[in-house]
Amino acid sequence: MTVVVVEAPAKVNLSLHVVGRRDDGYHLLDSLIAFAGVGDTLTAAPAEDLALHVDGPFAEALAAALPAGAENIVLKAARRLAEAAGIAPRARLTLTKRLPVAAGIGGGSADAAAALLALCRLWDVAPPREDLMALALGLGADVPVCLQGRAANVSGVGEGIIDAPTLPPAWLVLVNPLVAVSTPEVFRARRGRFNQAAPLTEAPADAAALAEALRARANDLTKAAVTLAPEIGTVLVDIGALPGCLLARMSGSGATCFGLFAAEAEARAAAAALAQTRPEWWSAAAPLLSDRPR
Ligand SMILES: C[C@@](CO)(OP(=O)(O)O)[C@H](O)COP(=O)(O)OP(=O)(O)OC[C@H]1O[C@@H](n2ccc(N)nc2=O)[C@H](O)[C@@H]1O
Ligand SMILES: Nc1ncnc2c1ncn2[C@@H]1O[C@H](COP(=O)(O)OP(=O)(O)O)[C@@H](O)[C@H]1O
């Protein structure tokens with residue numbers, strides 16, 4: 001039996017500038033997005049109907065986070081792809097949920113992109129790239145970049161995707177205090193002027209140079225997110241104090257923050273130290289990826 005397994009790596013907003021606002025209220029962003037070597041896993045197998053089973057450490061959290069009557073984005077992706085391909089959506093899907101939910105690292109977006117990739121293979125369909133990207137954007141702002149699977153300077157509300165230069169070898173420590181922050185509330189709470197776009201155009205030579213490039217940029221949603229969830233401020237301070245940490249920053253609208261490290265050993269030691277001092281937080285050490293695992 002054909003079983004397709006696709007990894008759904010966390011997306012990380014290494015920088016995020018809010019550069020304007022659309023007439024419909026959506027904010028225009030300029031964000032350097034890369035991936036981390038930690039994520040969910042999506043498995044697709046042939047079946048007579050469409051079904052999804054969720055397991056893994058955050059399966060219960062996901063069930064609790066889905067509003068009544070809302071469908072998992074994986075099922076939405078499956079139905080829309082089948083509709084576009086003119087076939088019936090038949091597959092047994094399994095999602096192993098390792099990423100915290102509504103956490104600013106695009107778990108849902110990564111899962112949706114993984115479902116599209118897995119089902120294109122399982123159903124042997126290949127919609128034109130443009131159609132697939134449009135379908136992805138209809139599922140969520142970060143689904144196209146997750147589908148592209150390459151570090152990118154992302155603009156607009158997620159539709160402008162330009163490959164970023166290859167990022168140097170580096171490690172991330174991802175930390176989430178397991179407090180929920182609502183994306184719309186964070187955007188509503190944001191104050192201040194709009195920022196300039198600052199796409200990364202030159203490949204940093206090493207992790208220290210990447211940190212320097214990132215220090216010249218920011219996550220413009222941090223202040224608003226910290227106001228709504230002060231724990232995020234504590235997370236940033238704690239990450240910044242870890243030996244070897246080159247930069248501490250929030251991803252997306254939070255609450256997940258990351259520390260950037262040059263070496264695997266430092267990152268692993270940092271994550272282990274945090275697990276000791278803050279056992280109530282979620283943390284993971286993972287390589288920074290320019291390309292999603294294939
Ligand atoms: C902020 C980012 C950065 O990568 O990531 P996350 O923190 O969600 O991971 C994304 O732009 C998240 O985009 P998207 O996936 O569309 O966010 P949603 O949760 O659907 O948006 C919820 C609400 O947030 C506001 N919103 C969202 C995106 C945006 N560019 N401008 C906005 O003003 C809108 O009020 C929208 O209705
Ligand atoms: N497979 C999924 N994984 C995570 N969230 C999902 C999924 N399907 C639907 N959702 C909904 O999407 C919301 C945003 O989740 P997520 O993508 O994890 O966060 P973020 O957009 O902050 O990166 C969740 O609160 C949940 O209601």
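Every residue, even glycine, has its Cβ placed from backbone N, Cα and C.
These come from TrEMBL:
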type: ACT_SITE; residues: K11; note: active site
type: ACT_SITE; residues: D142; note: active site
type: BINDING; residues: P100, V101, A102, A103, G104, I105, G106, G107, G108, S109, A110; note: ATP binding site
type: DOMAIN; residues: 72-149; note: domain 'GHMP kinase N-terminal'
type: DOMAIN; residues: 206-276; note: domain 'GHMP kinase C-terminal'
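The secondary structure of A110 (ATP binding site), as reduced to three states from DSSP, is helical.
With a cut-off of 6 Å between Cβ and the nearest atom of ligand 2, the recorded positions P100, A102, G104, G106, G108, D142 reduce to A102, G104, G106, G108.
In this structure, the recorded positions that sit close to ligand 1, with a C-beta under 6 angstroms from any of its atoms, are D142, chosen from A102, G108, A110, D142.
Other than P100, V101, A102, A103, G104, I105, G106, G107, G108, S109, A110, the residues of this chain whose Cβ falls within 8 Å of the Cβ centroid of the ATP site are, in sequence order, A10, K11, L99, G252, T256. The DSSP secondary structure for G104 (ATP binding site) is coil. The most crowded of the binding-site residues listed here (A102, A110) is A110, judged by how many other CB atoms sit within 10 Å of its own CB. Its Cβ placed at the centre, G104 (ATP binding site) has 29 other Cβ atoms within 10 Å.
The Cβ neighbour count for D142 (active site), using a 10 Å radius over every protein chain in view, is 26. D142 (active site) falls outside any helix or strand according to DSSP and counts as coil.
The subset of recorded positions (P100, A102, D142) lying with their Cα within 10 Å of the Cα of K11 (active site) consists of D142, given in sequence order.
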